């Protein structure tokens, strides 16, 4: 017989609810106005973990193409005006930039974990870059 996954369900039977104090009952019944339902919220970190799994599976570029292209052209203006770029050149630049950033964030996360934290900070990124030899 195959095993099936058990899901949590609300119980219908069981013990009868205990009587509450008058002040507790008044507090609970007072704010009910029109039965407005709160929107569903996930626990902190749940959505972040889901996004991490989704982006680790994907292979598409994460930075939008046109804003990246404008940034490349703006930076290139400082070196030489009227430069032209093939679309494949900008695509190659974007691939390289995203690969670099992903690697940097991985190293930054390792620095934060080493410091017994789960949140990356500016000093983690500075340490990661210094260990890579990019910055003195």
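Every residue gets a Cβ built from N, Cα and C, even glycine.
Residues or ranges marked as region 'Disordered' in Swiss-Prot: 1-42.
Note: residue 5 (N6,N6,N6-trimethyllysine) has no non-local neighbours, i.e. no same-chain residues 6+ apart with C-beta under 8 A of its own C-beta. Residue 5 (N6,N6,N6-trimethyllysine) falls outside any helix or strand according to DSSP and counts as coil. Sequence annotations record features per position, and here Swiss-Prot assigns N6,N6,N6-trimethyllysine to 5 (among others) based on similarity to another entry.
The N6-methyllysine annotation in Swiss-Prot covers 5 (among others).
What Swiss-Prot lists as phosphoserine is 11.
Residues or ranges marked as N6-acetyllysine in Swiss-Prot: 15 (among others).
What Swiss-Prot records for 15 (among others) is N6,N6-dimethyllysine.
The N6-methyllysine annotation in Swiss-Prot covers 19 (among others).
Residues or ranges marked as N6-methyllysine by Swiss-Prot on the basis of similarity to another entry: 24 (among others).
According to Swiss-Prot, the feature N6,N6,N6-trimethyllysine maps to 28 (among others).
Under the heading N6-acetyllysine, Swiss-Prot lists 28 (among others).
A coil conformation is recorded for residue 37 (N6,N6,N6-trimethyllysine) in the three-state DSSP classification, outside any helix or strand. Sequence-distant neighbours of residue 37 (N6,N6,N6-trimethyllysine) (same chain, 6+ residues apart, CB-CB distance under 8 A): none. The N6,N6,N6-trimethyllysine annotation in Swiss-Prot covers 37 (among others), and the record cites similarity to another entry as its basis.
Marked as N6,N6,N6-trimethyllysine by Swiss-Prot on the basis of similarity to another entry: 80 (among others). Taking the Cβ of residue 80 (N6,N6,N6-trimethyllysine) as centre and 10 Å as the limit, one finds 7 other Cβ atoms among all the protein chains shown. In the three-state DSSP assignment, the secondary structure recorded for residue 80 (N6,N6,N6-trimethyllysine) is coil.
Swiss-Prot lists 80 (among others) with the feature N6,N6-dimethyllysine.
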